[in-house]
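Presented below is the structure to which this report refers.
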Amino acid sequence: FRLSTSLVGLLSGICLIVGTMIGSGIFISPKSVLLYSGAVGPCLLIWTACGVLSTLGALCYAELGTMITKSGGEYPYLMEAFGSIVAYLYSWTTIMVLKPSSFAIITLSFAEYASTPFYPGCSPPLIVTKCLAAAAILVITSINCLSVKLASYVQNFFTAAKLLIILVIVVAGIVMLAQGKTENFSNSFDGTTTSFGAIGLAFYNGLWAYDGWNQLNFITEELKNPFRNLPLAIVIGIPLVTVCYVLVNVAYFTVMTTTELLLSPAVAVTFGDRVLYPASWIVPLFVVFSTFGSANGSCFTAGRLVYASGREGHMVKILSYINVKRYTPAPALIFNGVLAIFYTIPADINTLINYFSFAQWFFYGLTALALIVMRFTRKNLDRPVKIPVVLAGIMVLVSCYLVLAPIIDKPELEYLYCTIFIFSGLILYYPFVYRKVNWGRKIMRPITMHLQLLMDVAPPEKTE
């Protein structure tokens, strides 16, 4: 059995990139970027620079994705360039922490926006938002287990919805500018921060809103004509998101001073209350749509990494099995969903993401380095897309800065704990992946068989 092929076309590919990138970030992150950058001017420059950086990274991934047409994001590229251990540590960190915690954060944002109207004048109780987030995870995981086509339609619909609300905000901002609301743009560089670490943190928060630029590489095997559609979707999707983000921020600053923006609990909702009243209710409604669509995209791609890792023997084999009727990686999707529900339980999940962001950028940098390494070690591989190697070099340097700047500026033990967690994966790697101990197989064989019958799944085809 193999995954459904050729179900994701160019439009669906663009919608996956745009739909996953535009989550709740643009409606919340402007506060954090402004807080660390210190003024309107550098804030807008950082949003633009984050877009350029995401495009650079995605161009590197376009070369890698058309050269090695396997699903699983960075995983097959790290495997090809650096071997099994590096790829395993990437899959261990991403599958166990980065993907499910990101899924949990997006659904928690969805739950917060969805439940706020029912609690006027106060914040919704934590138990309500957490139960609603868990329900959203169950619904999204079920959609993705049922059909690739259905998940793709859901993604396209919610991407159209979020582009509509962004258009509304941008047009409202242009109208405000035309009316002469430009006072927040005068002296826009006053108060700019000069701290090495603060600029790094401003980039972190901006790039968190841009995260998702590599999503299409997770589903390469399910793309129609990946050699054409992968680079095209990247070149159309990411500049589109960059333009949207910068224009939305300009719109925010037409009606809010820097202080008001920093004090606002939800920037987009405050904007809606001031500009779109009495129709201001459409902003929180469309933010709910936006976060739901982003969570769907996150779930869609996370399942493919778990599947690819299980197929290579880096995770238990059952995770690489495919539903015999629906051709979806159901065990991988369910595993990711269960972990995400666990991540909705702790109170300060955002702290977790801050500390693990450095791990995310470490792997982005390593993947760009993989491109450079394979220019020398895999010269014979066909490269339908070939970018200047300088771009990959810039990506490596920027990744090093983003990994090291916050640690140098404000060293904290949490970074050490994250590093220990990443390398703790080797404790499982040696006996179960490298040595393939017999007792491990004896334990897993009956479990795999029962789960296979329960979920109606079968092993995938062997890939080259």
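Yeah, the Cβs are placed from backbone N, Cα and C, and that goes for glycine too.
Keep in mind it's a predicted model, so treat the numbers as computed, not measured.
What TrEMBL records for 7-28 (among others) is transmembrane segment. Cβ atoms under 8 Å from those of the transmembrane segment (7-28) belong to residues 54, 106, 109-110, 113, 148-149, 152, 155-156, 158-160, 162-163, 166, 208-213, 215-216, 219, 222-224, 228-230, 232-234, 236-238, 240-241, 244-245, 248, 266-269, 287, 290-291, 293-298, 300-301 of the same chain, restricted to positions at least 6 beyond its ends.
Under the heading transmembrane segment, TrEMBL lists 34-64 (among others).
Residues 23-24, 72-76, 78-79, 133, 137, 211, 291, 294-295, 298-299, 302, 305-306, 308-309, 312, 314-315, 336-337, 339-344, 349-350, 352-353, 356, 359-360, 363, 366, 421-423, 425-426, 428-429, 433 of the same chain lie 6 or more positions beyond the ends of the transmembrane segment (85-106) yet place their CB under 8 Å from a CB of it. For 85-106 (among others), the entry in TrEMBL reads transmembrane segment.
Residues 3-4, 7-8, 103-104, 107-108, 110-112, 114-115, 154, 222, 292, 295-296, 299-300, 303, 323, 326-328, 330, 333-334, 336-337, 340-341, 344-345, 347 of the same chain lie 6 or more positions beyond the ends of the transmembrane segment (126-148) yet place their CB under 8 Å from a CB of it. Per TrEMBL, the feature transmembrane segment maps to 126-148 (among others).
The transmembrane segment annotation in TrEMBL covers 160-179 (among others).
For 191-210 (among others), the entry in TrEMBL reads transmembrane segment.
According to TrEMBL, the feature transmembrane segment maps to 230-255 (among others).
Look at TrEMBL and you will find 281-307 (among others) tagged as transmembrane segment. Residues 3, 16, 19-24, 27, 71-73, 75, 91, 94-95, 99-100, 102-103, 106-107, 109-110, 113-114, 116-117, 136-137, 140-141, 143-144, 151, 154-155, 157-159, 161-162, 164-165, 168-169, 212, 215, 218-219, 221-222, 266, 268-269, 271-272, 315, 319-320, 322, 328-329, 332-333, 335-337, 340, 460 of the same chain lie 6 or more positions beyond the ends of the transmembrane segment (281-307) yet place their CB under 8 Å from a CB of it.
Note on the transmembrane segment (327-346): residues 1-4, 95-96, 99-101, 103-105, 107-108, 130, 133-134, 137-138, 140-141, 144-148, 299, 302-307, 310, 318-321, 352, 451, 455, 457 of its chain, located 6 or more positions outside it, place their CB under 8 angstroms from a CB of the stretch. If you look up TrEMBL, you'll see 327-346 (among others) marked as transmembrane segment.
Annotated transmembrane segment per TrEMBL: 358-377 (among others), in sequence order.
Summarising the annotation, TrEMBL assigns transmembrane segment to 389-408 (among others).
Counting only same-chain residues 6+ beyond the ends of the transmembrane segment (414-434), those with a CB under 8 A from a CB of the stretch are 84-85, 88-89, 92-93, 97, 313-314, 351, 355-356, 358-359, 407, 440. Taken from TrEMBL, the feature transmembrane segment covers 414-434 (among others).
A Cβ distance under 8 Å defines the sequence-distant neighbours of the transmembrane segment (389-408), meaning residues of its chain 6+ beyond its ends; these are 53, 56-57, 59-60, 196-197, 199-201, 203-204, 207, 358, 361-362, 364-366, 368-369, 371-372, 375, 415.
Most Cβ pairs under 8 A with the transmembrane segment (358-377) among the ranges 34-64, 160-179, 191-210, 230-255 are made by 34-64. Between the transmembrane segment (34-64) and the stretches 160-179, 191-210, 230-255, Cβ pairs under 8 Å are most numerous for 191-210.
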